Amino acid sequence: MHTATNYYLFSLAVSDLLLLLFGLPNDLSVYWHQYPYSLGLVFCKLRALISEAATYVSVLTISAFSLERYLAICHPLHLYAMAGLTRASRIILILWVISVTCASPFALYSDISYRDYPPNSGNISLESAFCALMAPSPLLELSSIFFFFVPGILILCLYVRMGLHIRSTRVMEKTKVGLLNGHIHGETRQARSRKTIIRMLAAVVVAFFVCWAPFHAQ
């Protein structure tokens with residue numbers, strides 16, 4: 001169980017769990033009792049920080065995990081030279097530090113806001129309190145660029161390279177089968193296995209874009 005892959009999966013599970021624990025209570029509170037916001041300023045900022053950081057960790061972990069797969073398939077010797085649980089732990093720690101740092105502006109700009117009632121009257125209604133992100137416009141655009149589009153393009157390129165490498169390797173092995181008839185059945189099984197891998201790689205890329213696109217389209 002102590003493998004680099006499992007370390008990445010554990011980090012991904014922790015980030016998703018944090019997103020659930022800190023995002024769901026806020027969403028349920030807003031759904032059942034939208035005004036006034038009753039969870040306080042601290043939770044408003046903490047929820048913005050942890051939810052955003054957890055989202056970044058998930059995206060970066062998927063990118064790191066995809067890079068590991070790429071090295072394992074296309075450059076196995078390089079991966080063997082760099083292999084080690086300590087290295088994986090350091091990468092995961094760096095990903096968390098980067099994510100929390102990049103998410104901190106969202107906590108900084110999150111605040112309890114109020115609406116005027118009647119509208120444009122200048123009279124603040126305490127019953128209209130809600131947790132809102134008072135961020136400048138470029139912040140959301142930069143978040144989408146660096147934590148969706150750039151990782152998405154990277155993951156797409158990595159899996160395309162892996163798919164092409166697996167396909168070319170399969171063609172080379174087909175030429176060897178004619179010379180080594182005793183290994184025909186083994187080569188056939190490997191070919192089928194690699195077809196499954198190619199389908200899985202395509203599914204990962206599609207799932208990445210489909211699952212994260214609605215979040216960044218808000």
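Numbering starts at 1 and runs along the chain as it is shown here.
For all residues, glycine too, the Cβ spot is worked out from N, Cα and C.
Here TrEMBL flags 1-218 as domain 'G-protein coupled receptors family 1 profile'.
When Cβ-Cβ distances below 8 Å are used as the criterion, the transmembrane segment (7-26) is approached by residues 39, 43, 46-47, 50-51, 53-55, 57-58, 61-62, 64-65, 68, 85, 88-89, 92, 95-96, 131 of the same chain, each at least six residues removed from its ends. According to TrEMBL, the transmembrane segment annotation covers 7-26 (among others).
Sequence annotations record features per position, and here TrEMBL assigns transmembrane segment to 46-67 (among others).
As annotated by TrEMBL, transmembrane segment applies to 88-109 (among others). Residues 4, 7-8, 11, 45-46, 48-50, 52-54, 56-57, 60-61, 64, 133-136, 139, 143, 146-147 of the same chain sit 6 or more residues outside the transmembrane segment (88-109) yet have a Cβ under 8 Å from a Cβ within it.
The annotation transmembrane segment is assigned in TrEMBL to 145-164 (among others).
Per TrEMBL, the feature transmembrane segment maps to 197-215 (among others).
For the transmembrane segment (46-67), same-chain residues at least 6 beyond its ends with a Cβ under 8 Å from one of its own Cβ atoms are 5, 8-9, 11-12, 14-16, 18-19, 22-23, 26, 39, 91-92, 95-96, 98-100, 102-104, 106-107, 110, 131, 133, 143, 147-148, 151, 154-155, 158-159, 204, 208, 212, 215.
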